[in-house]
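Visitor: Dumping the structure here so I can ask a few things about it.
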Ligand code: AMP
């Protein structure tokens, strides 16, 4: 179902991965490979837009990268030495094809294609203003406001128009923009979402995660810095810092769950950080037990860390089928429940009679934990102790990680003791927020946290204009006049 209601924030939120290649013989094939490595960041739809002398070419479709870009004729229809691509997932309403990125528009400066990872937290307010001024939106994606802001900017040069557009935007964005004047990569001033740059021969690539560089054999060069804009064209590569400088707040959840363990995020190996998280968790919340069992795959590195630090043997007590999508992504609660049963199975011969420490990366709605604890009990576990490699998720993310509304977060509804009862575990413990920072090699400065940890602390590093406006509306207050 499509929505035309810009106030429905469910329909504007998404979670994504982006990739670009400049100066490659067949840029689209590089992008397809890069997106394949980023598939975990979004599995509902994928798209690639390329540029050659004849103009822009685009293929966008629902489904996986492999299904959409595995045929020669599809890649051949995306000619050119420069291309950008996008994988996404979002709630059902917004999976419509018109929201699949890269988005494209013909502007006064020529064609403009954009791929975005993040979420613009004042998109609805901007959209209302633009609508009133005559902008006609083609999608319900928050990203489209960037296109209209660029299109309507009073500046004459394209780069100035883009900067003008982005200074009006709040929230999180890692952006790849394909224009006739060059390929532009940009990260929001706080660097909430990741973006890295690499090279293979004379080809420059940009990606959400380093794992997408590895897949094509590209060398990691550096992160695109918070607030940095990089343009690559025939004149070479230039970097700008057009925004007011701010202390960076990269997303901590990339390390907890979102990034692949073989990626390096903010200069830290995600695998190492997850193992460290497990070790700190063992220190903070040790328990007498016979085996440490990860909820696969997301709990595996933390469980290895927990086992090594505690001396309790690591065992694969749950086997995961790799032919089922992530439970979280299924659109309805009924399917989500079914998904968990399809996805995991207890290794009963191992579990019987044992005291089990179960490790998972996070509890969101509690669906997975409830099922898995029961699965351990059905398999004959003597005790089940759940340990979670992140603090309780008490707040929604408004920066591009698809979390349910606050009321559906288990930790927003009850304390840890009640959660233990709810999931029927003998004990339940989470790593502390300070412990999490320690595991990442930091010391959390409570007055000015070095990362975005809003999902755990509620400390949002930007304004959340749409949320506040919406609340104001719901409470019968009149919206502030939009300028
Ligand atoms: P839940 O079953 O709702 O408690 O969700 C927790 C499970 O979902 C954990 O096993 C996580 O690995 C996974 N998860 C956590 N956050 C996300 C997210 N934003 N997107 C997809 N899966 C997630």
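In case you wondered, yes, glycine gets a Cβ from its N, Cα and C as well.
TrEMBL does not curate its annotations; it predicts them automatically.
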Visitor: Name the one residue among 298, 310, 321, 396 that TrEMBL lists for the same Mg(2+) site as 360, 361.
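Guide: Mg(2+) site check in TrEMBL: besides 360, 361, the record includes 298 out of 298, 310, 321, 396.
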Visitor: Around the Cβ of residue 361 (Mg(2+) binding site), how many other Cβ atoms lie within 10 Å? Please give the count over every shown protein chain.
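Guide: Its Cβ shell of radius 10 Å holds 25 other Cβ atoms.
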Visitor: Cβ distance under 8 Å to residue 298 (Mg(2+) binding site), same chain, sequence separation 6 or more: which residues?
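Guide: When sequence neighbours closer than 6 are ignored, residue 298 (Mg(2+) binding site) has 257, 360, 361, 362 within Cβ distance under 8 Å.
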Visitor: Rounded to an integer, what is the Cα-Cα distance in Å between residue 251 ([4Fe-4S] cluster binding site) and residue 16 (active site, nucleophile)?
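Guide: Given the Cα positions, residue 251 ([4Fe-4S] cluster binding site) is 14 Å from residue 16 (active site, nucleophile).
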Visitor: Fewest neighbouring Cβ atoms within 10 Å: which of the recorded positions 16, 251, 397, 452, 455?
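Guide: Across 16, 251, 397, 452, 455, these recorded positions, the one with fewest Cβ atoms within 10 Å is 397.
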Visitor: Setting 251, 397, 452, 455 aside, what same-chain residues sit with their Cβ within 8 Å of the center of the Cβ atoms that define the [4Fe-4S] cluster site, listed in sequence order?
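Guide: So the extra residues in range turn out to be 192, 252, 253, 399, 401, 453, 454.
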Visitor: Provide the number of Cβ atoms within 10 Å of the Cβ of residue 360 (Mg(2+) binding site), excluding the reference atom itself.
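Guide: Its Cβ shell of radius 10 Å holds 21 other Cβ atoms.
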